[in-house]
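For reference, Swiss-Prot has these:
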- Ser102: active site, phosphoserine intermediate (ACT_SITE)
- Ser102, Asp241, Asp243, Asp245: Mg(2+) binding site (BINDING)
- Ser102: phosphoserine (MOD_RES)
Amino acid sequence: MGRLFGTDGVRGLANSDLTADLALRLAVAAASVLTAGTSDARPTAVIGRDPRASGEMLQAAVTAGLSSAGVDVLDVGILPTPAVAYLTAKLEASLGVMISASHNPMPDNGIKIFAAGGHKLDDAVEVAIEDALDGTAPPVLPTGAGIGRVRAVDDAAQLYLAHLASAASEPLAGLTVVVDCANGAASALAPVAYAAAGARVIAISADPDGLNINDGCGSTHLENLQKAVVDHGADLGLAHDGDADRCLAVDETGAVVDGDAIMAVLAIAMNEAGELVENTLVATVMSNLGLHIAMREAGINIVTAAVGDRYVLEELRAGGYSLGGEQSGHVVLPAFGTTGDGILTGLRLLGRMARTRKSASVLAATMTTLPQVLINVKVGDKAAVAASPSVLAAVADAERVLGDGGRVLLRPSGTEQLVRVMVEATELPLAQKLADELAEIVGSV
């Protein structure tokens, strides 16, 4: 078997790439690795899911695998990914499992695994789980009383809502927010959390039926949210994805406020409050140059991580920093959680609006987004592209043209035979021209 884990767990077409059999065997392997050497007489695992139809099947399979390996399973039901991570720590479980494919279409699904404390797995642990899965010797499984038991955690949602309430920075009375729940895991919780903080809430795409998750809604389809914000005269729109670990925003004019702009607003707020450790924000290589410029002007440093919130988390933990995230809307506040939390991000952004009495458009204007062109180029050999003299020369030429007013990034896809060519410049035509030229050279290698 090739590499199973991607940048955010195991993901694929449910019942084809990701079968019940694979889910069960993966659960047994994960249990063997994550409970090895534990002092717990009886290991426990928290398990939750988003509402997509295949989640019931995969949760049953994972639950069977865990309990067959002697792990007691705590079923928290349909909850966001950050809630599962939080409850893994809160309930002192040995591991946590979230069944979700995040922003992917309904036919896909995925399995995200958390270690004790609610932390995402590092590469070495993922490799160990894959090795256990590939092992030729059958696992030694308990019998009788050694088999794990399964119980529902009836107050799981209330525990997570209480956590969100404790992390809210300001009362939100007087603010109106439209929240797009993507017909996903946030549907029953996000409107409650924002209302509990004092906001007037208008919820859309908050009626999951197992089939409509991410269907023309949520953080990857902002059009309905933009219209709703303008139609209702709302102060802000917030969009979550299927498992609510990300948040994008729409200001009162209907303009999109992406993850970079949200991070800029929160970084400045935390810096003013003395909460931004070492005046440092962790972003990824895909964050817009405009974020770097805005942070430099605000006296804030940026540490750059690889793409993927797990790599942002690694940098946050290594440096002890207090804020990080991605352009896609994954924002991590380590003081309140171990992974991106879309609802928490929305609460903090609304809190900044309430505290400053400034509109979302004014706050977002802290950062000017430079025009960005991204082209996906199909290639035969990603390594050959990275080492190609013609590609290296073309990148150097483009960087000379841009100077300090832009940047070039070539990034191989982690899952496909693609190289992503990204160019930012002060003017869109220049970015497009350079990106087209680079894409042609990359494609010819």
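For all residues, glycine too, the Cβ spot is worked out from N, Cα and C.
Take the CB of Asp241 (Mg(2+) binding site) and look out to 10 A: across all protein chains shown you find 34 other CB atoms. Here the CA atom of Asp245 (Mg(2+) binding site) lies 8 Å from the CA atom of Ser102 (active site, phosphoserine intermediate). Taking the centroid of the Cβ atoms of Ser102, Asp241, Asp243, Asp245 as the Mg(2+) site, the other same-chain residues with Cβ within 8 Å of it are Asp50, Pro80, Thr81, Ser100, His103, Gly184, Ala185, His240, Gly242, Ala244, Arg246, Gly342.
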